[in-house]
Amino acid sequence: MYFSSVTFFLSLYRFQAFVYFASVFQAMSCGIHYLASVFMAVTPNFVCGVPGNVSSVLFYNSSESSLEDIWTLWTSTENDIVVQLENGEIWELNQCSRSKREMSLDLAYEYKGNKSIFSCSDGFLYDDTKWKSTVVTQWDLVCDREWLAKLIQPTFMLGVLIGAVIFGDVADRLGRQRVMWFTSAGQFIFGIAVAFTFDYYSFVIVRFLLAMVSSGYLVVAFVYVTEFVGIKARTWASMHVHAFFAMGIMIVALVGFLVRTWWIYQIFLSIATLPFVLCCWMLPETPFWLLSEERYEDAQKVINIMARWNKVSTPCKVSELCSVQQDDLVDGGMGDNDTSSTKKHNILDLFCNWHIARRTITVWLIWFTGSLGYYVFSLSSVSLGGNEYLNLFLIGAVELPCYIIACIGMDKLGRRNTLIPFLILSALICVLIMVIPQDFNILIILANMAGKFSIGVAFGLIYLYTAELYPTIVRSLAVGSGSMMCRVGSVVAPFCVYLRSVWIFMPLLLVGIMALLSGILTIMLPETLGKPLTNTLVEATEIGRNKKSCSEKTPPAHSDASLEKIEMVGQETVSTEK
């Protein structure tokens with residue numbers, strides 16, 4: 001923590017602005033790939049194919065010469081479409097079955113004679129009025145192969161989970177810069193490769209790799225911008241990485257509206273990655289990581305570059321920062337043998353006593369619910385009726401103000417007092433959507449936008465709140481485990497959306513129950529606004545139980561005392577330049 005002044009004394013300057021916007025620009029491509037399947041894997045109307053050319057099509061009293069003219073009339077799969085072939089054969093077609101009339105000379109919709117039932121061995125005929133081609137139509141992922149189509153998004157989210165774990169660890173070992181280079185290039189390469197996959201299985205495998213690098217970039221980008229942006233702007237900067245992710249969702253809606261062939265659609269979406277790939281080599285490694293690896297000369301070079309960009313004539317010296325840290329260790333007392341600082345902690349420490357265990361279960365539930373609700377509202381938006389492209393665009397656009405509200409609420413009302421009402425509001429909105437008549441499309445869309453807004457506020461602030469609820473010794477472990485529950489929620493979300501086939505309101509019911517439960521349990525969490533970060537599990541347990549803060553009874557850890565001194569050095573440097 002003693003390197004915080006490197007970012008603090010130059011916070012909100014030109015260099016940080018360049019690094020921030022260059023890094024979060026690529027977060028848009030993460031949003032793009034996360035939601036690309038809503039149009040790429042859509043299933044249009046379809047019926048079984050026939051062994052010949054169609055000469056006439058009949059649906060009730062409507063007679064046409066081709067299927068393209070009948071799709072708008074066929075709204076229920078309970079009724080068959082009758083077709084006559086050029087050789088005179090008459091077939092009754094439905095989605096997963098077809099039957100041939102044995103004795104029929106005249107083309108009529110009603111028929112009481114014998115029929116021979118056949119499987120769909122001649123493939124399928126698809127409605128291409130909206131989508132010229134999707135992965136479903138490309139590889140006939142319907143009927144007994146429908147489950148393969150339903151695995152496209154869950155397998156992607158599984159890649160997101162694994163990628164977050166792998167690249168988060170690799171970034172700590174090899175550096176943030178290298179991982180950002182690799183994952184951004186990987187997004188472009190795998191994104192283009194998806195468009196040229198030759199079968200379903202290669203498509204899923206390449207998409208899985210794309211998910212890993214996309215998730216890896218998003219995780220490391222959060223760390224990267226946090227280590228470069230000053231302390232005063234850190235909350236806003238980290239929250240608005242989500243905003244660029246939402247802009248990616250809006251791009252998906254726009255490209256989906258303009259391009260109706262899935263592989264061309266995928267290429268256009270992947271091109272959004274290209275500008276960053278061409279310039280990402282210019283981004284430096286963070287001084288935080290360089291100092292942690294004792295690469296002091298490299299860290300000094302980065303600090304000097306920052307100073308030149310920001311027109312600071314007397315930049316900080318790494319030697320001065322290190323000397324402050326050493327002096328702080330001496331002043332703090334080297335004889336204080338705190339075994340907790342050297343002990344290796346594991347997941348069980350998050351359940352060390354009843355208070356911490358209850359806190360952990362609640363926090364995990366909030367992470368899971370936030371992710372589940374976020375993706376259920378997003379993935380369901382194209383099934384609300386009306387214009388599906390506009391629906392998805394609005395679902396992404398509504399996130400932009402929600403993060404501003406989250407930041408203001410956290411600073412003015414507190415973390416818990418902002419989280420509780422928005423979680424409960426999410427549950428109430430789910431109930432509201434269930435009672436709105438299905439004919440009121442505009443009200444349903446507006447209610448879904450409100451649901452996405454409220455769950456977005458809760459989902460956005462849980463990152464910071466989790467970090468403040470736990471002590472230094474297990475803080476990374478707590479945030480990492482919460483993030484893992486978030487990924488589990490994102491894997492479950494597509495399956496939850498598929499439950500619409502059981503009952504149209506089933507996904508909303510599940511999200512509403514989870515949001516209400518999470519909101520009620522959040523009442524028992526302590527407020528952390530204005531309170532110092534804790535260093536031990538004992539201090540963390542005491543948060544909210546006494547009016548006096550833990551810091552009044554327990555002296556701060558060496559790292560925190562060091563941080564105060566170093567920030568003073570950084571402030572002096574800035575004041576001399578102003």
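Cβ atoms are placed via backbone N, Cα and C, with glycine included.
Unlike curated entries, TrEMBL annotations are predicted automatically.
The annotation domain 'Major facilitator superfamily (MFS) profile' is assigned in TrEMBL to 108-530.
Under the heading transmembrane segment, TrEMBL lists 12-36 (among others).
Taken from TrEMBL, the feature transmembrane segment applies to 179-198 (among others).
Per TrEMBL, transmembrane segment is recorded for 204-225 (among others).
According to TrEMBL, the transmembrane segment annotation covers 237-257 (among others).
According to TrEMBL, the transmembrane segment annotation covers 263-283 (among others).
Annotated transmembrane segment per TrEMBL: 361-377 (among others), in sequence order. Beyond the transmembrane segment (361-377), the same-chain residues lying 6 or more positions past its ends with a Cβ under 8 Å from any Cβ of the stretch are 157, 395, 419, 423, 426, 448, 451-452, 455-456, 458-459, 462, 465-466, 469, 478, 481-483, 485-490, 492-494, 496-497, 507-508, 510-511, 514-515, 517-518, 521-522, 524-525.
Among the features that TrEMBL reports, transmembrane segment is placed at 389-406 (among others).
Residues or ranges marked as transmembrane segment by TrEMBL: 418-436 (among others). For the transmembrane segment (418-436), the list of distant contacts is 366, 369, 373, 406, 409-410, 443-444, 447-448, 450-451, 454-455, 457-458, 461-462, 465, 505, 508-509, 511-513, 515-516, 518-520, 522-523: same-chain residues at least six beyond its ends, Cβ to Cβ under 8 Å.
Within its own chain, the transmembrane segment (442-465) is flanked in space by residues 222, 235, 238-239, 242, 363, 366-367, 369-371, 373-374, 377-378, 380-381, 384-386, 391, 394-395, 398-399, 401-403, 405-406, 409-410, 415-416, 418-419, 422-423, 425-426, 429-430, 432-433, 436, 479, 482, 511, 515, 518, 528, which lie at least six positions past its ends and keep a Cβ under 8 Å from the stretch. TrEMBL lists 442-465 (among others) with the feature transmembrane segment.
Residues annotated as transmembrane segment in TrEMBL: 477-497 (among others). With a threshold of 8 Å between CB atoms, the same-chain residues lying at least 6 positions outside the transmembrane segment (477-497) that come near it are 150, 153-154, 157-158, 160-161, 164-165, 168, 215, 219, 345-347, 349-350, 360, 363-365, 367-372, 374-376, 379-380, 462-463, 466-467, 469-470, 506-507, 510-511.
Feature annotation from TrEMBL assigns transmembrane segment to 503-525 (among others).
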Field: Same-chain residues at least 6 beyond the ends of the transmembrane segment (179-198) whose Cβ lies under 8 Å from its Cβ atoms
entry: 23, 26, 29-30, 33, 167, 170-171, 206-207, 209-210, 212-214, 216-217, 220-221, 224, 263-264, 266-267, 269-270, 273-274, 276-277, 280-281, 283
Task: Could you tell me what the rest of the chain brings near the transmembrane segment (12-36), counting residues at least six beyond its ends with Cβ under 8 Å?
output: 156, 160, 180, 184, 187, 191, 210-211, 214-215, 217-218, 221, 224-225, 228-230, 232-233, 237, 240-241, 244-249, 251-252, 265-266, 269-270, 272-273, 275-276, 279-280, 282-284, 305-306, 309-310, 312, 378-379, 392, 396
- prompt: If we call contact 3 or more Cβ pairs under 8 Å (sequence gap 6 or more), are the transmembrane segment (237-257) and the transmembrane segment (389-406) touching?
  reply: yes
Query: Looking only at residues six or more beyond either end of the transmembrane segment (204-225), which have a C-beta under 8 A from one in the stretch?
result: 19-20, 23-24, 26-27, 29-30, 33-34, 151-152, 155-164, 166-168, 170-171, 176-177, 179-180, 182-184, 186-187, 190-191, 193-194, 197, 237-238, 241, 245, 286, 463, 483, 487
- prompt: Which bits of the chain, at least 6 residues beyond where the transmembrane segment (263-283) starts or stops, bring a Cβ under 8 A of a Cβ in it?
  reply: 19, 22-23, 25-26, 28-29, 32-33, 36, 39-40, 133, 177, 180-181, 184-185, 187-188, 191-192, 194-196, 248, 251-252, 255-256
